[in-house]
Ligand code: NAD
């Protein structure tokens, strides 16, 4: 078997087109444009790239945005003061604090300072908790994007064995919650693996659906998966490559060549999950502007 490609770039383009149309309708109804406030602490090169991609996507769909930069020496008190100012500003619909933060700042503490009604990343405990118990919530963008891909390609999850490698608050945990829910989208039997999992292959080999979000290049190889598996590779890793102008190549967490020989579907890196994450952020920001999740 040679896997069919799950084209995240294409589906993200379709999603952004839908959001652009919805924003147009929203403006035609007499509303102001949605507004996303980004907060960027320090000067991490990868964070700059991600914020750049988010800002461009906002412009493309008609969402207004501003990036507020703070030095990497900013205190937690000062950072939270800025967040509280954005919380109180009615012209701001969504707030995004770009992660990771410098090590002296607790991301839990900072995320909790955001008004959960403006938490378009879906990381606030209120949104995670509401997702868990099936209440309307902002769903974190990468897991929500993965479900959009399943929907677009009519890939069923109901009754399947889904294995998630990685248990972070941003990707692994929320996608496993969504997959495991019996009363909404997932309906899968779900296994979560992490760095303390003994014999990873014993789990990955039985997956019908395998989500890999570990940040470890080539962690999953062809011999670790079964024929026909659906593979979603969330990993984005920079691997040194002198032949490239930038000096690195982007690779996922799976050894693409060997895994795609056995899989039925696979996401490439780049061009798989990454573009979907940004597209779902646009969707969440529009939901925030419309007060769809948390009506006033
Ligand atoms: P993280 O570092 O917060 O968490 C990594 C998880 O993987 C942990 O739970 C850890 O226990 C587990 N892990 C690490 N090594 C493992 C191993 N050998 N076996 C099993 N589990 C192992 O990472 P994160 O923020 O969840 O990101 C994971 C990857 O996904 C990174 O490469 C990141 O760049 C990428 N990412 C991509 C997107 C996107 O939009 N495509 C979004 C977020 C993160």
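Including glycine, each Cβ sits where the backbone N, Cα and C put it.
The shown structure was predicted, so the numbers you read here are calculated from the model rather than taken from an experiment.
As written in TrEMBL, here are the features:
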type	residues	note
BINDING	166, 167, 168, 236	NADP(+) binding site
DOMAIN	6-121	domain 'Tetrahydrofolate dehydrogenase/cyclohydrolase catalytic'
DOMAIN	140-292	domain 'Tetrahydrofolate dehydrogenase/cyclohydrolase NAD(P)-binding'
Within 10 A of the CB of residue 168 (NADP(+) binding site), the number of other CB atoms across every chain shown is 15
Listed in sequence order, residues with CB under 8 A of residue 236 (NADP(+) binding site) and six or more positions away: 215, 250, 252, 269, 270, 274
Widest Cα span across the NADP(+) binders 166, 167, 168, 236, in Å? 16
